[in-house]
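Colleague: Structure incoming, see below.
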Amino acid sequence: MTNNTKIVLSAYGRIIGEYLPDTASFTIGSDLTNNLVLNYPEVVSHHLKAVIEAENLTIEKLRAEAPLTINGTVREGTTIVKPGDRIQLGGVVSFFVTQRNSENIKPQEPDSPMLKTQFARKEAPRLKVTYFINNIEHTKEYILDKPRFRIGRSEDNDIVIPVSVISRWHADLSASGDTFFIRDLKSTNGLIYNGEHLDELLLKNEDILRIGDALGNIVTLSYLDYGKPIPSLETVFDISSELEVITIGRTPDNVVVLNFPQVSAHHAVITKGQNLAKIQDLGSTNGTFINDKKVTRKSVEIFPGDKLQIAGYRLTYNGKNLTQFDSSQIWLDGVALSKKAGSTRILLNNISVSIKPLELVALVGGSGAGKSTLMDALNGFRPADEGQVIINGEDYYVNFATYRNQLGYVPQDDIIHRELTVERALYYLAKLRLPPDTKKAEIKVRIEEVLKDVELTSSRNVEITRLSGGQRKRASIAAELIARPVLFFLDEPTSGLDPGLDKKLMFLLRRLADAGRTVVLVTHATANINVCDKVAFLGKGGRLCYFGPPAEALKFFEVNEFADIYSKLEATENNPAEWEDKFRRSADYQTYIAKPQSRLNLKPNTTAIPTIAKQKPFRQFSLLALRYIELLFRDRVNLLVLLLQAPIIGLILAMVGGQNIWNIGSSPADGQRILFMLSIAGVWLGTNNSAREITKENAIYLRERMVNLGVVPYILSKVIVLAILSLVQTLMLVGIVLLIVGVPPHGVFFSAFFELCLGVFLTTLGGVGMGLFISTIASNTDKAISIVPVILIPQIILAGVIFDLNGPSKALSYATVSRWSLEALGTSADLNQLYFSQPTMGISVPCESDKGYDPRNYSTNPCEINSRGEHGTREGQLLLRLVMLGTLFVVFLGLAIFFQKRKDRRWQRR
């Protein structure tokens, strides 16, 4: 029967084909090493062994778990099968034995989509290998048609990859069931999958592995098995049980556990009634959204088909379960994006791009081409004037609050404080961005993960200022990875790096994309953009001249080097408009933009981009204040300078101030000069302390503000720390001066020393307010320092000591801190008494004085000294001036908050 045996196969109740054995012995199973490969459910890797003997077929079950029935009877061991017997291998596949000369049985065409997918699997899987030599891409596909392949650089391998990053014998591919198993052969650079190094992996369709070295050289292995569908990425949470309360959150004690950093420990709850269900947010940090509308603490009824968004999770409710779609699958589309500066200058000219999940995309072009503008339009940092940004089919600008926490953004400037160590900087960011209920142990684990991702574990305790340029950029990337974003934007991440670091950083970004993120970067460097999946070349005036794979860009522009594309796009009378037009008429435009965006169901955008989300103000305030204090103590040299200013000024002032200047008969001018300098010193110290404190953090502030930072907590965190510093400076300044020149005999309410310290402290706070105001309106520290004299010099001129003030100058003096400060200090030191005591010592006074002096009631005093002609009690005069000092501080603080808040215009359409 050897030459006449025929196996007729059925699956899902339909005949699918025939097998004609060419040997007396053959095996059946799902593994590719079998003679008859059946890639169907319940068929195990090595299911049966069959031996043809005379007119019969003897079959032997090879695995105990392999299902086997013959004519409806379960069989074990070895069984003789006669022609016509039906052998069932589980519930799907069966066959019967007949002879080749019997009536021909034609396979029936399968009518089930699932069956067609399974039945179509006739070709072997393939392995696509991509690598670069001298920036030239080399690609080759290998058909995996035998049980084992070895990969390596040596010529004796089955798959030879002739680049240095590959070891001589690098990896082994072996058939396993209906797929292949890849194993690292203790190679130098290993195998990277989803951004992680691994020793072995069972491959599935469209898996991508990378092999890379420390220099950024990359080889890509793509496993292609189109006969097998990609596994579903959905997770189904069954909530059909008798439980009436379904809790959703990050911790394991919830019914539905969403293990993601931005999910609160107990985030939301679904309460089921007899005929309805309601959902309620449990005060989560990042909110709960039903059909893109935020849910408050008030219960909201939900219906089958409603879409629930919690942090990075998108779930669909159908009454019995919640279906979670893979949160990492972010498909980003920019549709007809346009933007102008003024009425004529075009920044973006009707640009469309389509970026698929897990792609690494570079935006490339010369200066003024609109690279950063396009990126900021895509990430919502500076929205486009016209057009839409679509994420997974939804308008991103409208649903900004929904996707805000899935966004990572690294601008050109560092977004972490250089004075902190890497670990401490990440700690404060984690405390600010992650839910308040995140435990320290969870934060520690998350920091460990991101340090490993960016290869900075060994530098965790190094101050950021001591890192190299490439390491600092990786530290900024780590800061954004803390919240585990799935959409990542970087503006010129390789700027200022040498070619070697450029290559390494691009390899890092490649790994981040492979690990489950969609990554978009702006760059002008083209040496290593071949690691990207797509590249967009922009010309002057925001014109999109190409979008697609890097290798295809070389063909499109008909050049051999990416750098030569810049020459092609040089601005002329017709360029780059001609290239823009050529691209829109090209097949590449249809393939990479038009066709992918044909799936979109666009709706008019009628909603403005939402405001920034807020955390609890006091929590932010306390965290920011603690971070600011640590920053001050980390910068010991600067802190020492700040602390030494007051005693140095105090010593110099005391040296020239004389002694016993407060005694009766002393010249009031001597005391007035001392008080004047104390006032000016207070204003100067406060302003100098604060004038740079906000503007030097512009990049950090804007990024944190985009996430959840509140303006008021941020400003107040500066105020409280600067107030403490001002108090210390005040005590040293006043203490040293009065220790040498003496203390006035009596104050108004308390001792003169206390009141003078209070007056100088409020003066310094006024200076802090002015400095913070300057810092909010200055775009950088240099401009802030240049503005300081414009504020300080009028304080000297309008104080009323050097010049007599009349008319406009007198009116303007009411807005100065120094005028009210000097009068408050003069009242506490009682300069009037010195003036009025002069006649008894034979010294003339500025006016006739024939009345007695009452040190507490200015209404009986004929001379205008402290009160400038205003009459009242000494207590009233001091209180008024202290209140005015406090008022000016509040006014300047309000101005600082107002102008800092105005920076939010970056998130508003213009």
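The backbone N, Cα and C atoms fix where each Cβ goes, and this holds for glycine too.
Residues or ranges marked as domain 'FHA' in TrEMBL: 149-198, 246-295. Here TrEMBL flags 330-566 as domain 'ABC transporter'. What TrEMBL records for 637-662, 711-741, 747-772, 784-803, 878-899 is transmembrane segment.
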Colleague: Please report, as numbers and ranges, the same-chain residues at least 6 past the borders of the transmembrane segment (637-662) whose CB is under 8 Å from any CB of it.
Modeller: 670-671, 673-674, 677-678, 681, 685, 688-689, 725, 728-730, 732-737, 739-745, 829, 834
Colleague: Using a Cβ-Cβ cut-off of under 8 Å, list the residues of the same chain that are 6+ residues beyond the ends of the transmembrane segment (747-772) and lie near it.
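Modeller: Sequence-distant neighbours of the transmembrane segment (747-772): 678-679, 681-691, 693-694, 715, 718-719, 722-723, 726-727, 729-731, 733-735, 738, 788, 791, 817-818, 821, 824-825, 827-830, 856, 874-875, 878, 881-882, 885-886, 888-893, 896.
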Colleague: Residues of the same chain, at least six outside the transmembrane segment (711-741), with any C-beta under 8 angstroms of its C-beta?
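Modeller: Long-range Cβ neighbours of the transmembrane segment (711-741): 617-618, 620-621, 624-625, 627-629, 632, 642-643, 645-647, 649-651, 653-655, 657-662, 674, 678, 681-682, 685-686, 689-690, 693-694, 701, 705, 753, 756-757, 760-761, 764-765, 767-768, 772, 893, 896-897, 900-901.
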Colleague: Per DSSP, what is the residue count of the domain 'FHA' (246-295) in each of helix, strand and coil?
Modeller: 0 helix, 22 strand, 28 coil
Colleague: Counting by DSSP, what is the helix, strand and coil composition of the domain 'FHA' (149-198)?
Modeller: 0 helix, 24 strand, 26 coil
Colleague: If you average the pLDDT over the domain 'FHA' (246-295), what number do you get?
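Modeller: Across the domain 'FHA' (246-295), the average pLDDT comes out at 86.
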